[in-house]
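Over in Swiss-Prot, the protein carries these features:
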ACT_SITE  48  active site
ACT_SITE  94  active site, proton acceptor
BINDING   51, 90, 492, 529  ATP binding site
BINDING   92, 530  Mg(2+) 1 binding site
BINDING   93, 94, 95, 96, 115, 239, 311, 312, 313, 532  substrate binding site
BINDING   116, 267  Mg(2+) 2 binding site
């Protein structure tokens, strides 16, 4: 058939299919597949598209709530925020491409997640990201940071959506496999959400957007395999993005949606035309006939195999109402985009692909997705690590010196160098910029605001996957709460190593159980997400990194809280219990040189109780500044509040019942720092006692330094110098 290669065991293996999976294909279709069919099965049955190793565990996630309009299974999740408005959001990874070609990998990661959001009928209003890089001293790290940050900024800035928050971390376990997790958030009318399921027989299937090229072929398969020393050879499988074409595609899609032309819509992401066409047909219980001669291409002589597996960017597939076809075509031509009828829906439940008059593929459409192998892989739980007792930890330096050093380390230092390359205020609705607990974005034409955050602590997840999974969700919940938002829902991006290794699968299962428990207890459902496995190189896996993207609602964005101290002479209150937990803390790692111990346990009932009280204080107007406590503990949080305002703090000494370093740098969970006017302090403390919420006064705002009783003060200027210095110097070429 058109000189297609002969199917051999080597060719099957090169497509990422195991021998038993190929036998399953033979049984399913009753014959040997064509080369194009082999490519289609490879695309639909790989880990990236089929979730074959994770699906049985994902079923345990809580996904429903009265405000959830659409949970997992569509292009993005959708939640109701009242007044006929909905928030559409999702996070997904572009890890493997970004390691091979950092600029293009990052740009197309942003482009892909934006398409997922506007495919649902939403106008994107914000992006966030979570970036994990190797050790600063690794030979490729500086190059990868530079390329990824430029790519994220280049696409978002050109497309015209603000990048409002995220995370950046460094760890040697990401040396050979960085993580680029991108999140997009959009607004839509709650009664005008668009879905992927086709309906009606003989409806036109229309190709929209940019032309198809050879870029990105096998991109989804690459994302389903671990790296080795030849990973650089996969550079041709990295897609190339064009943010200006995507902006045109956005406007054209929203316009034809508004005109009532669309029956179903699916963006061409992983596995391109194959996955989008199969999903539209299978979800609608229909067949699909495609004629590849009609596909707009930008390269000559493309084969059916290449066209079906290309991951060229900025493309959509739609099922249109036949009577609206001409109107839709005129809209796309107006925006300068390709519009081509490439097929029709059929009652056959077959996926038929024709090219040059030949049938290149004829497969059962439901089985391509629904009959993908499903694995319950062996998994072993991670061994419990011993608790690190604070009294057994030698303090190598004083508290002030430790603060000054810690706040200038790669993970704790300012990421201004990163976020200043992103346009975080375009559209004019960013009310709280990067650097705080959560971004706050105004919902246009009203008082409402959205609180947005991305969180995970991978070292906790490695040490105890269950507690680490809980903590990732709790941290997102706290960050939203700290700005005054009511947490509504999350999207997750689950990044792990090779699931065929029982210890890695054990990490995945443990983290997922923790995420599920936290989401259930906090009433914080999962509405969308992405699983990225095989994140390892030469057998060395990344730290388990289940990134959590959280969305919350503020009824009035003008009443949000921020972390900056507001005035001198205000009372500083610590809410939540402090035990001085040093296991897996950044203090223990970066000051004491010990990356060890059990992570802090997460008491979800305390998280809910403490957080609800803090949110109540914000809404009542009592709290003047709020900051949640996480990496680095109490003193790092205090320093961040002081640097944000230029106002210092006069602090009481650590309680004698606790080791000083553990009190100041321990990472106990469910805690917040809150400032209140001096006149309110007594009343607030009494109210907290009545609510059984642990709350103590630890000091007073004022001066130009962090001054702890009995310790040498550290000036804000000194802290700010340390905080701001490392990343610009590192990226400027100074040694790590």
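Glycine is treated like the rest: Cβ placed from N, Cα and C.
Counted over all residue pairs in 93, 94, 95, 96, 115, 239, 311, 312, 313, 532, the record's binders of substrate, the longest Cα to Cα distance measures 20 angstrom. Listed in sequence order, the binding-site residues from 51, 116, 267, 530 having a Cα within 10 Å of the Cα of residue 93 (substrate binding site) are 530. In the three-state DSSP classification, residue 51 (ATP binding site) falls within coil. In this structure the C-alpha atoms belonging to residue 92 (Mg(2+) 1 binding site) and residue 311 (substrate binding site) are separated by 16 Å. Taking only the Cα positions, the spacing between the residue listed as 'active site, proton acceptor' and residue 530 (Mg(2+) 1 binding site) is 10 angstrom. Put plainly, the recorded positions 48, 94, 115 were compared by Cβ crowding within 10 Å, and the winner is 94. Comparing CA positions across the binding-site residues 115, 267, 311, the one lying closest to residue 90 (ATP binding site) turns out to be 115. In this structure the alpha carbons, written CA, of residue 51 (ATP binding site) and residue 115 (substrate binding site) are 21 Å apart. All protein chains shown were included, and the count of other CB atoms within 10 Å of the CB of residue 313 (substrate binding site) stands at 29. Look at the Cβ of each of the binding-site residues 92, 116, 492 and count the other Cβ atoms within 10 Å; the largest number goes with 492.
Cβ neighbour count within 10 Å across all protein chains ranks 311 highest among the binding-site residues 95, 311, 529.
Long-range Cβ proximity for residue 267 (Mg(2+) 2 binding site), meaning a same-chain Cβ under 8 A and a gap of 6 or more residues, is found for 75, 112, 115, 116, 119, 276, 315, 316, 317. Around the Cβ of residue 93 (substrate binding site), 26 further Cβ atoms fall within 10 Å across all displayed protein chains. With 51, 90, 492, 529 listed as the residues that bind ATP, the site has a largest C-alpha separation of 17 Å. Residue 530 (Mg(2+) 1 binding site) is 6 Å away from residue 492 (ATP binding site) when you measure Cα to Cα. When the binding-site residues 311, 529, 530 are screened for a Cα within 10 A of the Cα of residue 48 (active site), the ones that qualify are 530. Separation of the C-alpha atoms of residue 95 (substrate binding site) and residue 529 (ATP binding site): 15 Å, rounded to the nearest whole number.
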